[in-house]
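Below is one structure, written out as structure tokens; the observations come after it.
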Amino acid sequence: MAKILKFDEDARRALERGVNKLADTVKVTIGPKANVVIDKKFGPPTITNDGVTIAREVEVEDPYENLGAQLVKEVATKTNDIAGDGTTTATVLAQALVREGLKNVAAGASPALLKKGIDAAVAAVSEDLLATARPIDEKSDIAAVAALSAQDQQVGELIAEAMDKVGKDGVITVEESNTFGLELDFTEGMAFDKGYRLRLLRTDQERMEAVLDDPYILINQGKISSIADLLPLLEKVIQANASKPLLIIAEDLEGEALSTLVVNQIRGTFNAVAVKAPGFGDRRKAMLQDMAVLTGATVISEEVGLKLDQVGLEVLGTARRITVTKDDTTIVDGPGKRDEVQARIAQIKAEIENTDSDWDREKLQERLAKLAGGVCVIKVGAATEVELKERKHRLEDAISATRAAVEEGIVSGGGSALVHAVKVLEGNLGKTGDEATGVAVVRRAAVEPLRWIAENPGLEGYVITSKVADLDKGQGFNAATGEYGDLVKAGVIDPVKVTRSALENPASIASLLLTTETLVVEKKEEEEPAAGGHSHLGHSH
């Protein structure tokens, strides 16, 4: 297919127009007085103030401009992936850096030296933000971060409560509910999505579950079908303590092994429940190993030279309580050694860092959460589907922002942290020439998020940014009340990870855009006009 090209200044200006189209759409949603963009697709419209959600929907007709829009979309997506929030701030900064940078390139500055200056300035500001950040572990601080992100006090308190229960590595998920309002469900310990093999193995018929108090836990990697394999261990369990229940986790339990369990359950000889191991292949092996670490068990596997008919009680794990329903199994308070559990957690974290696959990362994070802390489910309900989606979005953003805050700490919010941090650039970092100009580009661009937080409710943006620049660190403009003051005390705070990502990602794209000399796009094929109505009918005389 034929390609069409654009060069030099024309190419960069086309990219800038695309950047502006997307950024102008997104930036109306920054700040507490944000306007909301309605995105109509199939089905009901989506009402959102989430930058990345809006950015993903924007396609610009002109192919050159669309390249610029896609670059900013990449900024928003990357910021969302790293910090989970701050996507609108990142988009506003991308637009400002591109505008200031291109102005200087047009005036004859070297794009390569400008890029050098921009990169040095961003690194210095990022360092200053980290040095300023205040660590948070207070429940009230966590609630403030979440409430600010979701713009809802109740959400803030709920997320703080959830994080308090599951710890900072625990899973907090959001589910849609049929009721109105918000509710929090908590599962302590480890849960996996496999239930009992047979209804006959239930201990509580009314609640349709099996509850095992202080049970033995047998973890077997393969299938168990022959009773000859299982019997020696069952006899040892009965001799040791006939009243102690047994949970068997295996790839499957079938044939005479399963029927023997059922017969003994009915006779009341002993209480045993069998569940299938979760997952498949290597993931199943890893999850069984996680359970073993948590419960103090040893996984029975011929790969490591262990045969089921030759092992004793030493391979069994325990837990304070296990609840098995039709669909899932929850292990509460396993006595696994703390240092072994921590080593396993560190290993999974390293695997998360090293994987390129989103699916693998998600599954590893689930494993991490199951080991590191329980699982909290926030159930959200609303009157309409549109409102439900919007609330769910806000909740997910708030959870991400809260995780980021716990990880690296907080700085004052409302765009003020950047305004204060760029003071480290006042001597242009000792740079000269075009590199110094690159530093100045970052200094000018950094005030834009605060400017638009003020402009959206109709205030004079630059007047407010210059006032905030004269205040001390931590002080700023509270757009919700229209007052200046200590933002951290007022609960207007941002996770430093969000603020850093919202500056670093746009700077990287802006640097690329400034050094662009040629754009190559595919030429659209002209569609042939359809044949006229009756042209195929000839005249026959």
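Going from the start of the chain as shown, residues are counted 1 onward.
Cβ atoms here come from the backbone N, Cα and C positions, even for glycine.
The ATP binding site annotation in Swiss-Prot covers T29, I30, G31, P32, D85, G86, T87, T88, T89, G414, N478, A479, A480, D494.
Considering only the residues assigned to ATP binding, T29, I30, G31, P32, D85, G86, T87, T88, T89, G414, N478, A479, A480, D494, the longest pairwise Cα distance works out to 20 Å. Of all the Cβ atoms in the protein chains shown, 16 others lie within 10 Å of the Cβ of A480 (ATP binding site). According to its DSSP assignment, N478 (ATP binding site) is in a strand. A C-beta separation below 8 Å, combined with a sequence spacing of at least six in one chain, links D85 (ATP binding site) to S149, D397, A398, S400, A401, A404, P495, V498.
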